C-alpha cells in the first residue's frame with residue numbers, strides 16, 4: 001500500500017466511542033477556562049494588579065487553555081475522567097485560597113456575598129459563554145484534524161464510518177451549532193433594518209469565502225493526491241461547502257418563516273428526513289450508492305453523503321437559531337442567568353431522553369447521514385457544553401466579587417444597574433467589557449479571526465502530513481509536533497489581536 005492508502009485506511013472503517021465517554025470529556029475545556037481565570041484573580045490578589053505581560057499571558061493561556069486538551073486526546077485518553085477531575089481539584093484549591101486570603105475590609109458573611117452576587121447587574125448584550133464555546137469548538141477541531149493522523153490519537157475518537165459517536169463526529173455538528181448562535185437573524189441587526197431581499201442578497205454574498213475555500217481545498221487535495229476519506233462527504237464535497245449551503249438555506253427559510261418558529265422547522269425537517277430514510281431506499285442509496293455496490297459514478301452518487309446530510313445539518317442550524325434567540329432575551333442579573341441555566345439543563349435532560357428513544361426506535365447516531373439521532377445528539381451535547389461555560393463565567397464573576405478590582409479576560413464584568421429615576425430613565429448604562437479592554441487574551445484573539453484560524457489549521461495540517469510520516473511517529477514526537485502546531489496557530493492569532501487586525505474582507 002502507498003503512503004496515501006495507508007493514511008486513508010488509518011482513518012476509515014471506525015465505530016466511534018460511547019456516549020458516556022464523549023460526555024465525560026465535555027467539562028475539560030470549561031474547567032481549563034475556570035482554572036485560567038482563578039489563577040489571574042489569585043495573581044491580582046497577591047500583587048495588587050492584573051497580569052500585564054503579553055508574553056506571560058500567552059504562555060499562561062496556552063499552557064492552561066490548550067495544552068491539557070492535547071494531552072487528553074493523546075496520552076491521557078485511556079483515563080479521560082482523570083484530567084477533568086484533577087483540574088477541578090486544582091480550581092477548588094485556588095478558590096479556597098482566594099476566599100481565605102481576601103482583604104479583611106471586604107470580608108462579608110458568605111450568605112450576604114451570595115445575595116449580593118444574585119443581584120449583580122450584567123450586560124445582557126454580551127454573553128461570554130457563547131464566545132468561549134465557539135472558540136473552543138474551533139480549537140478542538142483544529143487539534144483533531146491533525147491529531148487524528150497520529151497513532152496516539154485513539155481511533156475511537158475519530159469519525160465513525162457509518163454509525164457511532166466519535167468525538168470528531170460531534171465537532172462537525174458543533175461548528176454548525178456555534179455559527180447559528182450568532183447568525184444575523186439571531187443578532188437581528190441587518191435582518192431587521194433591511195428589506196428581506198437585500199438581507200438575502202447580503203447573506204448570499206457573505207458565503208463566497210466558504211465556497212472559495214471549498215473549491216481551494218478540492219483543487220489542492222486532488223492536485224497533490226492528498227489522503228481522503230471519501231465516505232465522509234463524497235468525492236468532491238467538503239465541510240466548507242456544507243457550511244456555505246446550510247447558511248444560505250437557513251437564510252432562505254428564515255426569510256419566509258418567523259425566526260421564533262425555527263425550532264418547529266428543525267423538528268419537522270429532522271423527523272421528515274428520518275422517515276424518508278427509513279421508509280424509502282434513500283438510506284441504502286447513501287450507504288451503498290444507486291447500484292448497491294458503492295458506485296461513485298455521476299455527481300450525485302459521488303457526493304451523496306455531503307448532499308443528503310445537508311438536511312440534518314440544516315435541522316441542527318435551525319434548532320440552534322432558536323437557542324440563540326432564547327439566550328438573547330433580556331437578562332440583567334445573575335439570578336436571571338441562574339434560572340436560564342436550570343431551564344437549559346431541563347432541555348438537555350429532555351433531549352437525552354429523546355435521543356434514547358430515537359436510537360432505540362429510529363436509527364443509531366450517524367454523522368454520515370446526519371440523521372435524527374445525530375441531530376438530537378449534537379444539540380444536546382452542545383447545550384451541555386454551553387451550560388458548562390455559562391457556569392464557569394458565573395463562578396468567575398462570584399470570585400471577582402471577593403477580590404475587588406480583579407479582572408478576567410472574556411468574562412462578564414460587573415455593571416451598575418440602570419438609574420430608575422425619570423431623569424435618567426432613557427439613558428443607557430455604559431458597560432465595560434473586559435474581553436474588549438484586555439490586551440492579552442487567547443480567547444479574544446481566536447474569536448477575532450475564527451475563519452482564518454480554521455483555515456490556517458487546515459493548511460498547516462496538510463503541510464505536516466506531507467512532510468512527516470505521522471502513522472509511525474513516536475509519542476514524544478507526536479506531542480512535540482501537536483504542541484508546536486497549536487502554538488504556531490495561536491501565536492499568529494495573538495499577534496493579529498495585539499495589532500487589532502481583523503482579516504475579514506466580505
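Every residue, even glycine, has its Cβ placed from backbone N, Cα and C.
Unlike curated entries, TrEMBL annotations are predicted automatically.
Features of the protein shown, as given by TrEMBL:
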TRANSMEM  24-43  transmembrane segment
TRANSMEM  78-99  transmembrane segment
TRANSMEM  126-148  transmembrane segment
TRANSMEM  163-183  transmembrane segment
TRANSMEM  204-225  transmembrane segment
TRANSMEM  237-256  transmembrane segment
TRANSMEM  263-286  transmembrane segment
TRANSMEM  306-325  transmembrane segment
TRANSMEM  337-356  transmembrane segment
TRANSMEM  376-398  transmembrane segment
TRANSMEM  451-468  transmembrane segment
TRANSMEM  474-496  transmembrane segment
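Outside the transmembrane segment (451-468) by six or more residues, the chain places 7, 138, 141-142, 145-146, 149, 209, 213, 217, 220, 224, 226-227, 481, 485, 488-489, 492-493, 496, 503-504 with a CB less than 8 A from a CB of the stretch.
Taking pairs at least six residues apart, the transmembrane segment (126-148) and the transmembrane segment (163-183) share three or more Cβ pairs below 8 Å and count as touching.
When Cβ distances are compared across the two stretches, the transmembrane segment (376-398) makes contact with the transmembrane segment (306-325), since 3 or more pairs at least 6 residues apart fall below 8 angstroms. Remote same-chain partners of the transmembrane segment (163-183), defined as residues 6 or more beyond its termini with a Cβ less than 8 Å from a stretch Cβ, comprise 14-19, 22, 25, 73, 130, 133-134, 137-138, 140-141, 144, 148, 156-157, 239, 243, 246-247, 250, 313, 316-321, 323-324, 327, 363-367, 370, 374-375, 377-379, 381-382, 385.
Sequence-remote contacts of a segment are chain residues at least 6 beyond its ends whose Cβ falls under 8 Å from one of its Cβ atoms, and for the transmembrane segment (24-43) they are 50-51, 60-61, 64-65, 68-69, 72, 80-81, 83-84, 87-88, 90-91, 94-95, 97-98, 132, 136, 139-140, 167, 381, 384-385, 388-389, 391-392, 395-396, 399-400, 403, 406-411, 443.
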